[in-house]
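One structure is given below, encoded as structure tokens.
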Ligand SMILES: Nc1ncnc2c1ncn2[C@@H]1O[C@H](COP(=O)(O)OP(=O)(O)O)[C@@H](O)[C@H]1O
Ligand SMILES: N[C@@H](CCOP(=O)(O)O)C(=O)O
């Protein structure tokens, strides 16, 4: 095989109460990566579309190619050469798992081109290195679901223990991106190191309730459990009119609403596609009242993860 083209989806990380441990993939948007072999060894970035020239062109500095270098090193391959084209289909610093989509598409593509020496699940630590390149932190709650699909739980980072759980069939995500930028690195820096016992107890109850709600298809329990007393109060100040946008979503039937990843995107979960669309409209309108343009995506939870679009 000389050429491959791979799609990897956007993701919603944290899912309110599960900082660094919960995430799910959505259907669209997602990044697309093309890799073509070349005779000379080394990975070069040929083109990046959709980033307005902002992403690093040096292979080791870009999440899409940095993960490829990590994988080649692990496999002891020194003579491999390729050109990489990245189609960046979502904004940077969006809270939609933009860097993760690139990293996952990149690592899946090169693994396929090498005839799959590793399983998809075994690619996770390499995809996490893409997050380290992007934000200085190798969190797995975006790359996990982008790679494995579905609603993913990171039970432990050391050792890495990651798995997907079932979700109700009529559960829809509304993801709304206001046109501002927040880098994950900055949004992690402002978090406090210490958490009170009271907040820990409250958060643990909601984490347990959300998992149980998803697995038992109990929509009310899902909604009651989408409460984050630790991270949301700190980060929401970075998002203009956060409380109004959240309240608008809840007033129009969302089960729950919170920050997507480190923001500025916000997500809501709803029962049924019509409800999810309505919630998207009111969230966008509330941002518009604050003078902020926003775009929305309504999606089922994407159970498939990355897709090979073409190869030859
Ligand atoms: N392929 C890539 N796609 C997106 N961001 C990348 C990529 N490679 C490196 N980065 C860097 O990662 C940062 C954006 O990632 P992050 O802050 O986690 O945002 P997001 O929430 O959108 O993933 C930017 O500083 C960007 O330069
Ligand atoms: N758990 C991470 C998730 C960051 O998600 P992103 O989509 O903003 O990159 C965090 O909250 O820092």
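Yeah, the Cβs are placed from backbone N, Cα and C, and that goes for glycine too.
Mean predicted confidence for the domain 'GHMP kinase N-terminal' (62-150): the pLDDT average there is 97. Annotated domain 'GHMP kinase N-terminal' per TrEMBL: 62-150, in sequence order.
Residues or ranges marked as ATP binding site in TrEMBL: 91, 92, 93, 94, 95, 96, 97, 98, 99, 100, 101. Cβ neighbour count for residue 99 (ATP binding site) (all protein chains, 10 Å cutoff from its Cβ): 28.
The domain 'GHMP kinase C-terminal' annotation in TrEMBL covers 217-288.
For the binding-site residues given as 93, 95, 97, the lowest number of other CB atoms within 10 Å of the residue's CB is seen at 93. Taking 91, 95, 97, 101 as the candidate binding-site residues, the subset whose CB lies under 6 angstroms from any atom of ligand 2 consists of 95, 97. Other residues of the same chain near the ATP site, with their Cβ within 8 Å of the Cβ centroid of 91, 92, 93, 94, 95, 96, 97, 98, 99, 100, 101, are 10, 90, 142, 261.
Filtering 91, 93, 95, 99, 101 by Cβ distance to ligand 1 (under 6 A) retains the following binding-site residues: 93, 95, 99.
Sorting each residue of the domain 'GHMP kinase C-terminal' (217-288) by its DSSP state yields 40 helix, 10 strand, 22 coil. All protein chains shown were included, and the count of other CB atoms within 10 Å of the CB of residue 91 (ATP binding site) stands at 21. Taken through DSSP, the domain 'GHMP kinase N-terminal' (62-150) splits into 50 helix, 7 strand, 32 coil.
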